[in-house]
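Asker: Take this structure first; my questions come after.
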Amino acid sequence: MVNTLGNGAPQAGLTSQLNECTLFFLYLAIASFLVCYLEIAMWMLTGARQATRLRQKYMQAVLRQDAAFFDVHARSGDLLQGLNEDTSAIQLAIGEKVCAHIELRVSCPCSIGWDMTLVILAATPVLAGVGIAIGIVMANLGKKASDAYAKASSIVAENLGNVRTVLAFNGADRAVKAYEGALEVPRKMGVQQGIMQGITVGFTNCTFLCSYALAFWYGSTRVRAGKYDGGDVMSVLFAALLGGFALGQAAPNIQFFAAAKVAGARVLGMINRKPEIDDQEEGEQPESVQGHIELKGVHFNYPARPELQIFKDFSLDVPAGKTVALVGESGSGKSTVIQLVERFYDPDLGAVFIDGRDIRQLQLNWYRQQLGIVSQEPTLFATTIRANIAYGKPGATDAEIEAAAASANAHGFISALPNGYETQIGEKGVQVSGGQKQRLAIARALLRNPRVLLLDEATSALDNASERIVQDALSRLMVGRTTIVVAHRLSTIADADSIAVVKGGRIVEQGTHKQLMALPEGAYAALAKMQMGTPASSPLTKQDLEAETDKETAAGTPETPISPQQSLEKQGQAGFGRLWQYNRQEWPHGLMGCVGSFGLGFMMPGMAYCMSSIIAVLYNPDPAQIQSQVSKWCGVFAGIGGGAVVMGVLQQYGFACMGQSLTMRLRALLLSSMLRQEVGWYDREENASGALASRLSTDTAAIRGALGDQVGLLVQNLVTFAVAYLIAFSAGWKMTLVVIASIPLMIIAGGIQASVMTGFSSKASELFDAANQTASEAFAAMRTVAAFQLAGPLCRVYEGLLAKPQAAVFARAHASGLGFGFSQFAVFSVYALAFWYGGQLMRAGQMEFSQVLKVLFAILLAALGIAQAQMSFPDITQAAAAIERVFGTIDRSPSIDARDSSGRKLSYLVGDVELRKVSFRYPARPQVSIFENFSIHVSAGTILALVGQSGSGKSSVVSLIQRFYDPLSGQVLIDGVDVKELNLPWLRQQMALVSQEPALFTGSIRDNIAYGCPEATDEQVVEAANAANAMAFIKKAPAGFRTLLGEGGVQLSGGQKQRIAIARALIKNPRILLLDEATSALDAESEGLVQEALQRSMHGRTTIVVAHRLSTIRSATTIAVVQSGRILEQGTHDELMRVADGAYALLVRARQQEPPPPKAADDSLEAAAAAEAKAAVPRKSMAARKSVAARKSIAARKSVAPGSRAGGVRASVFGGADPESAAGMAGGARRGARTSVAGVQIAGQAFSRMRGSVFGGY
């Protein structure tokens, strides 16, 4: 075609060739549509499918690992990084980027002039060498950035997962600063990658431009020699142009491949990792199990703390069907026995045997199926109650599940919920109270009917009522089963067949309760003396059983919301324009990037102008003119190549700085916004910590990709498009106008593609959040997953959740393929029109050959620019959807802003607390009332104790005082001022909270103690540790206060974690102290000392204590019995005891069969403090108090049969006393309650039938 036009063909021949060429271009247009559709759609589909398989394999591999791996090698944040960002990087590389790269790479010179092609390809080895070197450098930078991002992700997961603790201690600012610090390393690595990427782009363009110059010079010599004509040179150079342009456009993909290489190494490394304790290995599976457990000559050190020896020649024998209890101080090694029996770890020396077989010889999953475990901190999953219980036994029937729940005293509160067993309990079971979570965990363990039962403080989180009945159920179920009980409360294990006192990793005493108590100077007797007022219990009566069935129905609701409620949130002004506002600080870098993009944008039209001029010269009949003109234009080519190096570095460096800084700023801003939200926002299912962490990393990465990596190319291609059409206009405006008329067709194609893909991207991201949340929960609860063999069920859940976004991803792939195919169809159609119309203008004498060439080359490059810009649409559309989600969160106005600096700050806080006529319902469950017209007053400096069953509203009082929630009506007053008027960070700084389940953070012991008071001195930290009885174990730690705790304080025992949490509260020297079962996780010795320390710390400050054990609150100024969101009784211990038939008095008198505990050394000081506190409290008259209590007592007595009236009242409020009051029930006359023998027999028969039908009984 060029030869025909350049040599001046006859009119008839010109028309025929133009028609042929036009028809050929139309065929190419149709073929391009099909090929491009298949290229994009199929590669995206295969990338998505492979990424899905990688995610599934990665999930399976992580859940296969042993406990040592999680202690030493990985944190949940690192694993989520691998699951989310690493697999996404791989998907992007092997999907959209690899198809584009292959397309661009195969666009190489043709074989028309092989010698000329070889000249052009001479630069290939140089490019390959530079590419390999730069690829290695970028892979190293990418690995460093990926590792740093994993650390940052761990900070996010930890803070969002413990958001209540973060808010209570005003830790949001520290979390954001730590996150920003962790992001600084990947930001620097990203900038360095940008520089390397710029060198790659510039060097690639320079090399090929110089190659073109050499090729043109060589081609001109061949034309002068008569070997080639102008058409041959143009064909080869045209192919070379496309190849060079393609290679220049392909160069930016190197960073995606480098990132995918690093990500692939991490992901495949995890997938191929074989754990030392592998549940997939073969092993023995005996036909029957008796349950004889023996630890023989065990030496053990935790892998994460190899320098600290836990056991040295430790031995323990647990005969089949017997119960052995382990007692001792926190950190003595009791829970380590449980973990060795579960085979979470293997001993360094010695062995663990079951029925004489080393457990290492047994198939691990089979072995663990013989065990049932209930841990001190129950782990539940964000699914229904039914599913959580059913995890104990795959395939369990509804009847079995409900019977297990009844045995664990959980059926009552479950039935009271609106959705019953189908109720969603939220992340970590956050929608139910602590006692309710524990009962669900017990039901899960009981459902599997284990041969060996492992109870690690299984009832520590239960109130007195629940504990007594659950303990009774456990006692019955332990009959015939081997049971190992780790206990702090000695009263719960008095009936054990053998009690072993563990101290310093060895057994110092062992025997029955009676035998050990006969040794007055023994370790067990000393622990018993330290036990402060452990309650007794009474056997279960029929009335108790009936009362328990209904008692929590009256309570109504759990203390946190159950099911999420969708609500409209303020949508941010999501747009790319707004992102530029956040990047204004980087305007010099943005200007630098734009200058580089403008330079590279001018490069291609400049090439086109030079090439068209050279082609026209080749048809000049004068050889000398050809030589001089070609030399001139080749020099211009080389000059453009030199400029491409500089412009490439400027472009990539400038936009890398912008993209990385924007990503860092957006991540910090998004986390800051999340930590501003009210607690109710986190109660929603879509805002679980795993989903939020995933959203934070993936959305900001998508935005970075669009604004950092793609903006440069987009600006470059737009400049190319504009300059090319300016050249075309100057060469032939008529021909250019005709071509421009077809541009809307390409724009419409691109617009449809972008809009469709944006919708798919947004939908897929939302669906991926649910899958990521499941993975996050599983990674954080690995011991529960291993103990109950949940890897398979959770992987199936995860795969099911992945199937939903896959459908959206597949639709997106087809939409992208159709859009890109249509755009290429439009491009070739424009070529056809341009060639045809150009020929018509030449026939009419309105254009010359050189002008047609300039227009054609300009149109070609403009079309290439449009095509390359459209290849960026997948990234840009994903970024658009991500921007909407990000700004939707950033712009959300919380109903309670945790970081709002407005509001009053009182000059001095006295500490007077009052809830006045409060009505309250959780935002996520507005149909269920927690409080109606609830009032309570706590005078400054006094102690209020709240007692009552789980779910009665006790913890809701603490949540309202901390302003986690606001009441619907009524007021929460501090010193007479509504808390809504006070500065919230200041208010929370005046308070300190110790929760039932302590949340510690990655860092040192000192960091955790000083968490609520960062400016604390070392002396203050030591003083707080002493006050919390934590100094002893801290001194034994490898690095003292500098000892790192690991994620969630994993290096400490439960009691040690609780003491750190108490020290964290005390160091604040708060005016208001909130204790929610603060000593429930402590051993007997520690509990006594810490309780004494707390008693002293309560002096002079307002204290609100939520307690299950009444022994911990005897000295309280006021005790309030809470039931169903109302105060049933209120008064001091002595006043409530005077109401003979009152619920509190009945419960306390049930314990009077036990001798009172010995007084602590500082008892006189405690008594004096209590007396002083009582004297400072203005009280209601005793007459009024007795009148109210009496009326309530009489009303309660009327509702029960005369023979069980006292027991019925007690059961309706507490469900009875604690498990040890068997003797107390025998002496029931002393507390005014009579129990019929028939009632006991009926209850026993009911439990026996239940056990037989559900568990088969051993």
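One-based numbering along the chain as shown.
Using N, Cα and C of the backbone, Cβ positions are placed for all residues, glycine too.
So TrEMBL says this about it:
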type	residues	note
COMPBIAS	543-553	compositional bias 'Basic and acidic residues'
DOMAIN	1-259	domain 'ABC transmembrane type-1'
DOMAIN	293-529	domain 'ABC transporter'
DOMAIN	591-878	domain 'ABC transmembrane type-1'
DOMAIN	913-1149	domain 'ABC transporter'
REGION	535-568	region 'Disordered'
TRANSMEM	24-45	transmembrane segment
TRANSMEM	118-139	transmembrane segment
TRANSMEM	195-218	transmembrane segment
TRANSMEM	230-248	transmembrane segment
TRANSMEM	598-621	transmembrane segment
TRANSMEM	633-655	transmembrane segment
TRANSMEM	711-729	transmembrane segment
TRANSMEM	736-756	transmembrane segment
TRANSMEM	818-839	transmembrane segment
TRANSMEM	851-869	transmembrane segment
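Help me picture these features in the structure, burial and contacts included.
Answerer: This prediction places the mean pLDDT of the domain 'ABC transporter' (293-529) at 86.
Long-range neighbours of the transmembrane segment (24-45) within the same chain, counting only residues 6 or more positions beyond its ends whose Cβ lies under 8 Å from a Cβ of the stretch, are 94-96, 98-99, 103, 809-810, 812-814, 816-818, 820-829, 831-832, 835, 874.
Same-chain residues lying 6+ beyond the ends of the transmembrane segment (118-139) with a Cβ under 8 Å from its Cβ atoms: 108-109, 193, 196-197, 199-200, 203-204, 207-208, 210-212, 214-215, 218, 236, 240, 247, 254-255, 257-258, 261-262.
Nonlocal intrachain contacts for the transmembrane segment (633-655), taken as residues 6+ away from its ends with a CB within less than 8 angstroms of a stretch CB, comprise 191, 194-195, 197-210, 212-214, 216-217, 252, 589-600, 603, 606-607, 610, 613-614, 617, 707-709, 711-712, 716.
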Asker: Residues sitting near the transmembrane segment (195-218): Cβ under 8 Å, six or more positions beyond its termini, same chain?
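Answerer: Tertiary neighbours of the transmembrane segment (195-218) are 115-116, 119-120, 122-123, 126-127, 130-131, 134, 137-138, 141, 233, 236-237, 240-241, 243-244, 247-248, 251-252, 254-255, 596, 600, 603, 607, 611, 614, 630-631, 633-635, 637-638, 640-642, 644-653, 656.
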Asker: Between the stretches 1-259, 293-529, 913-1149, which wins on the count of C-beta pairs under 8 angstroms to the domain 'ABC transmembrane type-1' (591-878)?
Answerer: 1-259
